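The next block holds one structure in the form of structure tokens; read it before the comments.
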Amino acid sequence: MSTNLNRTTNEEKRYLDRMHFDEYNDLRWAAEVHRTVRKHVQKTIKPGMLMIDICEMIENGTRALVEEQGLERGIGFPTGVSLNNCAAHYTPNAGDPTVLQYDDICKVDFGVHVNGRIVDSAFTLSFNPMFDPLKEAVKDATNTGVKEAGIDARLGEIGAAIQEAMESYEVEINGKTHRVKPIRNLNGHSILPYQIHAGKSIPIVKSGDQTKMEEGEYFAIETFGSTGKGYVHEDGECSHYAKKHDTPHIPLRVAKAKALLGTINKNFGTLPFCRRYLDRLGETKYFFALKNLVDVGLVEQYPPLCDTKGSYTAQFEHTIILRPTCKEVVSRGEDY
């Protein structure tokens, strides 16, 4: 009796799996592009390079390999290259003179999408071996999160496992010993088509969240470790923006804002973008129009997120699919 029942449910699972094969293959293509681009980046990036040139190398590689086409395929979100105490959401705006230094630790976070299926994956790049243990701690924490994730896994318990893994590491930086702290106000997240942050958050510290992961969901499992307070605040010039989901129709009085919204709808939809992407489309003098769209609530701005000055942060991230038959870590590569 029970073996027959199992056979039926396994058959059903395989059937459900087959129904979604096109989506999985979209994501696998995006992941293959991500692996190829990051492999090139890991070989090529050296101290002395302009941050803007690093981003453009990643973005041009992504566009070419994914055969960018309107909203069908392309870049998933702006290339994050947050440095040192900054953990997330820094990409250079036009004219930013920042140069990568030997003693920097850089979080390279970039996305690729095919038909709105986004691969969100990140690694940490540094040259000074002093940062290796910090990177190791965070990589281990992310792998722990990936391991704990699964159908019916509770989000709070995943967070507890991540925290335990990360806090088991001590690192020595510039002669000072630090216990690695998870950045408690940064999270992993569920992903939906054209929606990078889709409702469920995966904490990276212990939490009472009893919400479960469910079959068929896509998640970005990401962890951030810090030698600082383990808490980030907004700091610095904003570069990242995204049109909000399901916003009501808001009449716009400023003609320039209306035109800019048209550009955003046509080129990004609800995918995040940065100011350089607007420059590339030939938009000029758009700052006040963009501010207007933020002020009326149509566009969300995402400023850089930084821990205390003088601290160092690291990040690793993978995209996973909770298929009916298995858990697939689509962004996994030989590197991480």
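Note: Cβ is positioned from N, Cα and C throughout, glycine not excepted.
According to TrEMBL, the features are:
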- HIS89, HIS197: substrate binding site (BINDING)
- ASP109, ASP120, GLU317: divalent metal cation 1 binding site (BINDING)
- ASP120, HIS189, GLU222, GLU317: divalent metal cation 2 binding site (BINDING)
- 27-235: domain 'Peptidase M24' (DOMAIN)
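Structural mapping of features recorded in TrEMBL.
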residue	record	DSSP (3 states)
HIS89	substrate binding site	coil
ASP109	divalent metal cation 1 binding site	strand
ASP120	divalent metal cation 1 binding site	strand
HIS189	divalent metal cation 2 binding site	strand
HIS197	substrate binding site	coil
GLU222	divalent metal cation 2 binding site	strand
GLU317	divalent metal cation 1 binding site	strand
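If you take the CA of HIS189 (divalent metal cation 2 binding site) and look 10 A around it, the binding-site residues you hit from HIS89, ASP109, HIS197 are HIS197. Looking at GLU317 (divalent metal cation 1 binding site) and GLU222 (divalent metal cation 2 binding site), their Cα atoms lie 4 Å from each other. Working note on the binding-site residues HIS89, HIS189, HIS197: by count of other C-beta atoms within 10 Å of each C-beta, HIS89 ranks first. Of all the binding-site residues listed here (ASP109, ASP120, GLU222), ASP109 has the Cα closest to the Cα of HIS89 (substrate binding site). The local packing around ASP109 (divalent metal cation 1 binding site), expressed as other Cβ atoms within 10 Å of its Cβ over all shown chains, amounts to 26.
Note on the binding-site residues ASP120, GLU222, GLU317: the fewest other CB atoms within 10 A surround the CB of GLU317. Note on the domain 'Peptidase M24' (27-235): mean pLDDT across this stretch is 98. For the pair formed by GLU222 (divalent metal cation 2 binding site) and ASP120 (divalent metal cation 1 binding site), distance between Cα atoms is given as 9 Å, rounded to the nearest Å. Annotated divalent metal cation 1 site ASP109, ASP120, GLU317; additional same-chain residues within 8 Å of its Cβ mean position, judged by their own Cβ, are GLY80, PHE110, GLY111, SER121, ALA122, ALA220, GLU222, GLN315, THR319. Looking at ASP109 (divalent metal cation 1 binding site) and HIS197 (substrate binding site), their Cα atoms lie 15 Å from each other. Cα of HIS197 (substrate binding site) to Cα of ASP120 (divalent metal cation 1 binding site): a span of 10 Å.
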